[in-house]
Amino acid sequence: MLVDIVPIGDLPAQVKREASAALRGVYECDVTVHEEQSIPDGAFDHSRSQYRAEQFIELASRIGSGEKNIGITAEDLYYRRRNYVFGLAYLNGNGSVISTYRLQTSSDGGLKSKSPDAVFADRIRKEVVHEIGHTFGLEHCDNSKCVMSFSPTVREVDVKEENLCGSCNRLLY
C-alpha cells in the first residue's frame with residue numbers, strides 16, 4: 001500500500017516528516033511526499049475567510065500518486081456548517097486532507113509536560129493517521145483514546161493516542 005502526502009501551500013519539512021513517520025508506523029505502508037501544490041483556485045470562501053476542505057481533498061485525489069493520498073496544508077479549513085475542521089476524508093475514498101492551522105495552539109491542556117513543538121508534532125501524527133483511517137473505511141470510534149475518536153477540539157486530539165484501538169485494528173486487518 002502506498003500513501004502519498006501532497007503538501008498544499010508552504011509546509012515546513014517537520015510537518016511532512018511527522019506525517020510520513022506516523023503513517024508508516026501505524027499502517028505499515030510505503031509513504032511518498034509529492035511536490036508542493038498551489039492552493040486550489042476557488043477554494044477560498046471570502047465570507048468565512050477560510051478554505052473549503054473538499055477542494056483540497058479533490059486536489060490530493062487528482063494529483064497524488066498513492067492508493068491513498070493526503071493533502072496537508074497550513075490553511076484554515078471548513079466543511080459545510082462546521083466552524084472549522086482539523087481534517088476531512090471520505091469513507092473508503094482515496095483522498096483526504098489535514099490542516100495544521102488549528103493544531104498549532106501551544107497548550108496541551110496540562111495533560112503532559114511536552115514542549116509546544118512536541119505537542120504540535122503529536123497532533124499532526126494523530127490527524128494524518130485519523131484521516132487515512134477513514135479512507136480505509138474506519139468510522140469514528142467511541143473509545144476516546146483511539147486515534148479514530150472524533151476530536152472537535154485540540155483537547156480531544158491531545159487525549160487520544162496515535163494508534164488504533166483493538167476494535168478498530170480488527171476492523172482494518
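Cβ coordinates are placed from backbone N, Cα and C, and glycine is handled just like the others.
Spatially close to H130 (Zn(2+) 1 binding site) yet at least six residues away along the chain are G87, V147, M148, S151, judged by Cβ distances under 8 angstroms. Residues or ranges marked as Zn(2+) 1 binding site in Swiss-Prot: H130, H134, H140.
Residue density at E131 (active site, proton acceptor): 24 other Cβ atoms are found within 10 A of its Cβ, drawing on all protein chains shown. The active site, proton acceptor annotation in Swiss-Prot covers E131, and the record cites sequence analysis as its basis.
In the three-state DSSP reading, C141 (Zn(2+) 2 binding site) counts as strand. Annotated Zn(2+) 2 binding site per Swiss-Prot: C141, C146, C165, C168, in sequence order, evidence recorded as sequence analysis.
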E131 (active site, proton acceptor) and C168 (Zn(2+) 2 binding site), Cα-Cα, nearest whole angstrom: 14
C-beta crowding around H134 (Zn(2+) 1 binding site), within 10 angstroms: 20
